[in-house]
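Under the heading domain 'TMEM205-like', TrEMBL lists 47-149. Positions annotated as transmembrane segment by TrEMBL: 50-72, 84-105, 117-137, 188-208.
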Amino acid sequence: MAWITRFLTAVAFLAVGVVFSPETFGSKSDGTKSPNLSSFIKLAHLLSFSTAWGAALWVTFIGGIIMFKNLPRHQFGNLQSKMFPAYFSMVGVCCAISVAAFGYLHPWKSATMPEKYQLGFLVSAFVFNLSNLFVFTPMTIEMMKQRHKVEREANIGDEIGWSKNQEAAKTNPKLAAMNKKFGMIHGLSSLANIMSFGSLAMHSWFLAGKLNL
């Protein structure tokens with residue numbers, strides 16, 4: 001039940017922030033009136049975007065690399081096969097909320113050209129995540145399971161890194177062909193993930209320009 005404790009703690013901090021924000025009492029820091037609905041939609045957009053961008057940053061450039069360098073390869077692959085569907089689902093939901101919130105706050109007919117570009121970046125991130133969730137990730141996981149079976153027959157896969165796989169592939173045409181196919185599918189999945197991350201990064205620059213510190 002530890003996750004419930006962490007979740008309730010986060011909600012409590014959020015509630016305190018809402019209670020003590022100027023918008024809660026009907027005005028912004030500059031004294032002008034601010035509709036509560038708009039404030040909550042902005043909050044939904046900010047939290048969803050930051051969650052998606054932070055998760056993408058961690059999984060792509062930190063967590064995945066650390067796990068690959070420290071876990072036996074089959075164990076690493078099995079863990080990734082459980083983690084990635086959840087990761088792409090979460091980021092996809094966050095992107096969908098960000099698209100909806102940003103679209104509500106900046107209707108297409110009245111939006112400026114930069115705002116239309118930003119909506120395009122958010123939609124792109126959402127689409128790239130969907131492509132990974134429903135196309136590339138299932139293909140990658142299925143190919144990984146097939147390759148694991150061949151590797152177990154060759155008594156490899158419990159080591160850390162690719163060295164034994166590469167050595168075995170030199171004398172095992174079936175494994176070499178699987179490596180090539182897996183590399184292609186995994187490459188497309190990685191490309192979609194990087195494109196999604198890049199789209200979110202472009203939106204982070206837009207949001208930074210809106211800060212008045």
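Each Cβ is built from the backbone N, Cα and C atoms, and glycine gets one as well.
What TrEMBL says about a protein is an automatic prediction, not a curated fact.
Highest Cβ contact count with the transmembrane segment (117-137) among the listed stretches 50-72, 84-105, 188-208 falls to 188-208 (criterion: pairs under 8 Å).
Counted with DSSP, the domain 'TMEM205-like' (47-149) comes out as 94 helix, 0 strand, 9 coil. Mean pLDDT across the domain 'TMEM205-like' (47-149) comes to 96 in this model.
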